[in-house]
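Let me begin by presenting the structure, written as C-alpha cells, before commenting on it.
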Amino acid sequence: MKCLLLALGLSLMCGNQATDIPQTMQDLDLQEVAGRWHSVAMVASDISLLDSESVPLRVYVEELRPTPEGNLEIILREGANHACVERNIVAQKTEDPAVFTVNYQGERKISVLDTDYAHYMFFCVGPPLPSAEHGMVCQYLARTQKVDEEVMEKFSRALQPLPGRVQIVQDPSGGQERCGF
C-alpha cells in the first residue's frame, strides 16, 4: 500500500512538472508556409529561456523552406558572442504533418499550432526528448514586422494551457543589431 501511494504521489508530481504543447493543426501545407517570416512575439514557460539575447531558444525565424523529402529547412538568427549569427536547421517530418523533430540543443519537437499562411503562424518548441524537464518556447511569426493586435490576442488564447508563461513582444522599429530585425 505504501508503494502504491508513493507511486501515485510521484506520478502526480511529475504530471505537474510536464508542459503540454497546445493543440496542433490537423493539416499543414508546407508549400504555403514557405517564404519570409518575422518573429513578432515569443512566449516561454520559464523566463530563463528568453531572458537575454544569447539564450539558446531565443531565435528569430527569417525564412522557411520545404525540402523535396517533406522536411522543413528553417533559416534563423540567434545571438552569439554579442552578434547575430545566421543558422540553417532542418526540421524532420513526422507522421503528423504539423509536427517536426529538430536536433537543436538536443532533440526537440516543433509543433505548428495555427497558421493562415498569408499573415501569421504560431509554433512551439518543446524541451529536449526524452525528457521530464519542462521548458517550452512558442513564437508568433508574421509575414510583415507589423504586430496585428487581433492575431496577438489569438496567439495568447492558443497558449492558455502553458503554465507560468512570459510574453516578450519584439519591437520591429528597434535597434538594427538585434537579431531578426
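Each Cβ is built from the backbone N, Cα and C atoms, and glycine gets one as well.
Among CYS124, CYS179, the cysteine that Swiss-Prot records as disulfide-bonded to CYS138 is CYS124.
Within 10 Å of the C-beta of CYS124 (disulfide bond) there are 25 other C-beta atoms, taking all protein chains into account. Rounded to the nearest whole angstrom, the C-alpha distance between CYS138 (disulfide bond) and CYS84 (disulfide bond) is 20. Each residue contributes its Cα atom, and for CYS84 (disulfide bond) and CYS124 (disulfide bond) these two points are 22 Å apart. Remark: of the disulfide-bonded residues CYS84, CYS138, the most isolated position is CYS84 (fewest other Cβ atoms within 10 Å of its Cβ).
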